[in-house]
C-alpha cells in the first residue's frame, strides 16, 4: 500500500513538472524536444562512461543532463541563427548526437551493455525500492524513494521559476517583438526555459523512463491548448489533465497487470481524444441549432 | 484467436495460482529475474518453494518491461534471486539497495573473478552457457536456500546434489558433442555476443555481429570481417537466436551466398531466454541440449 502511494506521488510530481514545462514547449512549437533529448542522451552517457570508466548512476545522470542542455541550446541556436525551422533544427541536433553516440559505442564500447535503456531510464514500478537515507547509508534514517526526492526538487525549481518569471515568460512566449522592444533579454529567457526542459526531462527519465516523459510533455499541454484562453489557464488545465491521467493510468495498470508508465501515457492519450471528440460534438451541435430555426421558414417558403 | 488463447491461459494460471496458495502457505515465496534462474531454483527447492520469474519465456532481459504486478511480486517475496554482473541493467542497483532490508542475492556473486570473462572493465553476464559455472550458481542457491529456510536445509542439499549431478553429466556430454565437430570448423557465428562463456568452456571460437548489448549497431567492417572468416574456414552454417531479430543473420547469409559460397542458417539457438514453458527447451538442461544439438548438427 505504501509502495503504491510512493509511486503515485512520484508519478504525480513528474506529471506536474512535465505538463507545466510542456505548455511552454507547445506554445513554442518545440513539443518533441523531450523526445529529442531522450535520444541524444546516448551521447552523454557514452562520453561520461568513456571519461570516467564507470556506469555509476550519478556519472550517467551528469552526462545526460549536460548533453540534454547542449541539445536544447544548440537546436534553439540553430533555429535562431541558422534560420532553420524550429522542428527541423531539433531533428538535426538530436539525430546528430544520437548517431555520434552510436559511433562511439561501436568504436570504444562495443562489448559493454551501454545504452540509455539500460543505464539511465528508470522503471516507475521499482521507485519504492530505491530508497535513500538521511545521515549516511549505515545508520541514517530512511526517508523514502530517491526518485521521489529528486523529482520533488525538480518540480519545486520548475514551479518557483514559473511563479517568479511568469510575466516575462508570458511576454517572451506570445509577443517576442514586444518583449524585445521592452528591453527584455529574449535570449536569456529562451535559454532559461531550455535549461528547465533539459533538467526536468533527464530527472524524469531516471525516475519513470522515457516514453512516459515524452507523453507527459506533449499530451496534457496539447489538451490544455484546445481549451485554455490564457497562459495561466493553460498551465492549470495541463496540470489537471496530467493528474487525472496518472490516477486513471495507475488504476488501469493495477487491473491489467500492465506497465505503469505505458498505462499512464495511454490514459493521457485517451483523455486528449475525448476532449477533441467532445469539442467536435459541441461544434456540430452549435452549428445545427441555427439550422433548426431556419427550417420552418424554408418549409413555408417552399409551400 | 491468439489473444483468446492468451486470456484463457491467464485465467488458467490464476486458477492454478489460487489453488496453490490455498494448499501450501508454508512455501517460501521466491521471485527471480530470468527463466534460467527460475529453473535452477525449482530444481533445487522443489515443492518447498513457489518460484515466480519476472521475465517470461522468450523475453530478452535487455528489453524487459516491468508491470504493476511485478511491484507486488517483489514486495511480497521472501527471497529474490537475480543473475547479477549487470545482466539486469539498472535493476541491479535496485536489487543491491533492497538487499539491505530483504533477502536479495545475485546467483553469480560467489563465482571467482578468474572464471568470469571480462570485456574492458565490465564482466560478461551470460554465465549460464558454461554449465560448470551454472553448477556454481546452483551451489550458491542451495547455500542461500538453506540459510533462509533452515528447517528444510537437508532436503535442499539432497535435491541439489541430485540435480547438480545431472548438470555435471550435461557438462561432459557437451564436451563430447563439441569434439564431434572438426577442429577447424569450430566457429560459432551468431547475432550477438552471448556465447562467449560457451566458447571459452568448450573450445569453440565465438563471433557475433553485434556487441553484448542487443541494442548496439554493428559496422560494415564487422560484416566484411565475418564474411572473410566464413569463406576462409569454409564454415557451413551460422545461427539465429530466439530473442534477437534474425534479419541481420539472414542478410549475412544472403551476402555470403552472393559471393558464391554455400552458407545456411544452422537453426535457432536460445541465448538470453529459454524456450516456452512445457516444451523440452523450456528447461535449462533442455535448452543447453537443444543449442548443442543444433550447433553440432550444422557444423560437423
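Sequential numbering from 1, following the chain as shown.
Cβ coordinates come from backbone N, Cα and C, glycine included.
The annotation transmembrane segment is assigned in TrEMBL to A:6-27 (among others).
According to TrEMBL, the transmembrane segment annotation covers A:32-51 (among others). Within its own chain, the transmembrane segment (A:32-51) is flanked in space by residues 18, 22, 25, 59-60, 62-68, 70-72, 75, 87, 90-91, 93-95, 97-98, 100-102, 104-105, 108-109, 112, 114-116, 119-120, 194, 197-198, 201-202, 205, 210, 213-214, 217-218, which lie at least six positions past its ends and keep a Cβ under 8 Å from the stretch.
Summarising the annotation, TrEMBL assigns transmembrane segment to A:57-74 (among others).
Residues 28-30, 32-33, 35-37, 39-40, 42-47, 49-50, 67, 70-71, 74-76, 78-79, 115 of the same chain sit 6 or more residues outside the transmembrane segment (A:86-109) yet have a Cβ under 8 Å from a Cβ within it. Here TrEMBL flags A:86-109 (among others) as transmembrane segment.
As annotated by TrEMBL, transmembrane segment applies to A:147-166 (among others).
Long-range neighbours of the transmembrane segment (A:178-201) within the same chain, counting only residues 6 or more positions beyond its ends whose Cβ lies under 8 Å from a Cβ of the stretch, are 17-18, 21, 24-25, 28, 33-34, 37-38, 65, 68-69, 71-73, 76, 80, 154, 157-158, 161, 165, 168-169, 171-172, 213, 217. The transmembrane segment feature in TrEMBL is assigned to A:178-201 (among others).
Sequence-remote contacts of a segment are chain residues at least 6 beyond its ends whose Cβ falls under 8 Å from one of its Cβ atoms, and for the transmembrane segment (A:207-228) they are 10-11, 14-15, 18-19, 21-23, 25-27, 31-35, 38, 116, 121-124, 127, 147-148, 150-151, 201, 234-239, 241-242, 245, 261-262, 264-265, 268-269, 271-272, 275-276, 279. The feature transmembrane segment is assigned by TrEMBL to A:207-228 (among others).
Annotated transmembrane segment per TrEMBL: A:235-254 (among others), in sequence order.
Taken from TrEMBL, the feature transmembrane segment covers A:260-281 (among others).
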Long-range Cβ contacts under 8 Å made by the transmembrane segment (A:235-254), restricted to residues 6 or more beyond its ends, are 4, 7-8, 11-12, 15-16, 18-20, 22-23, 162, 216, 219-221, 223-224, 227-228, 260, 262-268, 271-272
List, by number or range, the same-chain residues at least 6 past the transmembrane segment (A:147-166) whose CB is under 8 A from its CB atoms?
-> 6, 9-10, 13-14, 16-17, 20-21, 122, 127, 130, 132, 189, 192, 196, 199-200, 203-204, 206-208, 231-232, 235
Chain residues in Cβ proximity to the transmembrane segment (A:6-27) (below 8 Å; excluding those fewer than six residues from its ends, i.e. six or more beyond) | 33-34, 124-125, 127-128, 144-145, 147-148, 151-152, 154-155, 158-159, 162, 169, 173-174, 193, 196-197, 200-201, 204, 207-208, 212-213, 216-218, 220-222, 224-225, 231, 234-235, 238-239, 241-243, 245-247, 249-250, 260, 264
